[in-house]
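S.K.: Submitted below is the structure of interest, expressed as structure tokens.
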Amino acid sequence: MGAAFKWGAAARKTVFPLFYFLIFFAFGALFPLLSVYLQEEARLSGAAIGWIMSLPPIVTMAAQPLWGTAADYTRKPVGLLLAALVLAALFGVMYALAGSYRLFVVLTVLLSAMQSAIVPLSDSLALRHVHEQGGNYGAIRLWGSLGFAMAVLAVGWLSDHIAFAVIFYAFSLALLTAAALATRLPRYPMGAPGALTRQDVRGLLASRPFRLLLVATFLLFGPILANNSYFGLLIHELGGTLTGIGLAFLFAAGSEAPFMKAADRLIGRFGMVRLLLLAALISAARWLAYAADPPLWFVYMTTVVQGCSVGLAIPTALQYARRLAPERVQSTAVALYSAVGNGLGAWFCTLVGGYLLERWQIGAVYLFFSICTIVGVLVLLLLAKRERTAGEEK
């Protein structure tokens, strides 16, 4: 028992934080600069970039529920995570060699199918670890924000001074290192394989609070994740350099860390829905400011508010989705939550953003983001009202 506790403490202090740092370092190395790469190096049109950047959310929407169901069915989430990491790294290297629009499309689909498993499986493992050993999920997840922030700065500088293709090699190297570390992630006893039934999944989807959370996730996280595709173009259009893009992402992602660490304490004090409302209102204000064609210095200054919006929204929404689900379908619930926000919402916002960018300017993209987020605030208000009603009935 003592040995198990020591291993749990060691995993919480070193293995999980380093693992999150590596996987988000990989994402930060590739995705913020990918749209700029497709524009500057591949010479693709705005509509073509919009289509390619909308593919990962489409694939995520289809693949993530399958990964989550597979994890609940096989009871082997670490093995599935390891396979996804290695294959995503392989497709990342192949992406660097692509030279045509069709090849970009094929590799984007393959890469996205593997990459879509990484975060929900990692989150399920981390949440299970915190449940078993104690601790703070936000304190683990903040290392992902730090990894993302360091990657966009370091890889942005390297792509400016060496070669743009370095974004793909940095992505793959970080994922392979994370795969090696994944073999040390703790494995906890789980139910027998095959215990998950269709009735379990139907019961989850029949929950109205869970459905409302999915709608709010679509409207809140769709713009947040689509921003990763268009934020570099916004700064580039305002006169920023690749290193400047890296600095902006550094400020934005780095500001998330303290809020993620404080998320559990704030949840206990204010409640999950109130924190999500605060995050949504801050995001809406930020998108409206970007739609107004602000000066570059203003964009750099306002990136730090991402900590109060995204830094609170990610751990709060994830834990809320898990709380609403029965234990036997929690991996599926996390995967569905991720598929709707990271998949459907991001796809919709990225695709519409591409057409708005082609027809008008980047400001129209951020005006659309603000409208989506404001509608998301209304859904969260409905969810808050339902929670109050349920509390009064009890």
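Every residue gets a Cβ built from N, Cα and C, even glycine.
Pasting the feature list from Swiss-Prot:
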type     : residues : note
TOPO_DOM : 1-11     : topological domain 'Cytoplasmic'
TOPO_DOM : 39-45    : topological domain 'Extracellular'
TOPO_DOM : 75-78    : topological domain 'Cytoplasmic'
TOPO_DOM : 105-108  : topological domain 'Extracellular'
TOPO_DOM : 127-137  : topological domain 'Cytoplasmic'
TOPO_DOM : 184-213  : topological domain 'Cytoplasmic'
TOPO_DOM : 234-237  : topological domain 'Extracellular'
TOPO_DOM : 263-272  : topological domain 'Cytoplasmic'
TOPO_DOM : 319-330  : topological domain 'Cytoplasmic'
TOPO_DOM : 383-394  : topological domain 'Cytoplasmic'
TRANSMEM : 12-38    : transmembrane segment
TRANSMEM : 46-74    : transmembrane segment
TRANSMEM : 79-104   : transmembrane segment
TRANSMEM : 109-126  : transmembrane segment
TRANSMEM : 138-160  : transmembrane segment
TRANSMEM : 164-183  : transmembrane segment
TRANSMEM : 214-233  : transmembrane segment
TRANSMEM : 238-262  : transmembrane segment
TRANSMEM : 273-292  : transmembrane segment
TRANSMEM : 296-318  : transmembrane segment
TRANSMEM : 331-358  : transmembrane segment
TRANSMEM : 362-382  : transmembrane segment
S.K.: Mark yes when the transmembrane segment (164-183) and the transmembrane segment (79-104) have three or more Cβ pairs under 8 Å (sequence separation 6 or more) and no when they do not.
M.R.: yes
S.K.: Report, as numbers and ranges, every residue of the chain located at least six residues beyond the transmembrane segment (164-183) whose Cβ falls under 8 Å of a Cβ in that stretch; write 'none' if there are none.
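M.R.: Same-chain contacts beyond the ends: 15, 18-19, 22-23, 25-27, 29-30, 33-34, 37, 40-41, 78, 81-82, 85-86, 88-90, 92-93, 95-96, 118, 151, 154-155, 158.
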S.K.: Over the topological domain 'Extracellular' (105-108), work out the mean pLDDT and round it to an integer.
M.R.: 90
S.K.: May I ask for the residues of the chain that lie six or more residues beyond the transmembrane segment (46-74) and have a Cβ under 8 Å from a Cβ within it?
M.R.: 34-35, 38-39, 80, 84, 101, 104-105, 108-109, 111-113, 115-117, 120-121, 124, 193-196, 201, 225, 229, 328-336, 338-340, 342-348, 350-351, 353-355, 357-358
S.K.: Is it the case that the transmembrane segment (138-160) and the transmembrane segment (296-318) have 3 or more CB pairs under 8 Å, with pairs at least 6 apart in sequence?
M.R.: yes
S.K.: Which listed range (109-126, 273-292, 296-318, 331-358, 362-382) shows the maximal number of Cβ pairs under 8 Å with respect to the transmembrane segment (214-233)?
M.R.: 331-358
S.K.: For the transmembrane segment (273-292), what are the same-chain contacts with Cβ under 8 Å, counting residues 6+ beyond its ends?
M.R.: 216, 220, 223-224, 227, 234, 263, 266-267, 298-299, 302, 305-306, 308-310, 312-313, 316-317, 320, 362-367, 369-370, 373-374, 376-377, 380-381, 383-384, 387
S.K.: Quick one: do the transmembrane segment (109-126) and the transmembrane segment (331-358) reach 3+ CB pairs under 8 Å, ignoring pairs fewer than 6 apart in sequence?
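M.R.: Contact criterion met.
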S.K.: Counting by DSSP secondary structure, give me helix, strand and coil numbers for the topological domain 'Extracellular' (234-237).
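M.R.: Split into helix, strand and coil, the topological domain 'Extracellular' (234-237) gives 4 helix, 0 strand, 0 coil.
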S.K.: Count the CB pairs under 8 A between the transmembrane segment (296-318) and each of 238-262, 331-358, 362-382, then give me the winner.
M.R.: 238-262
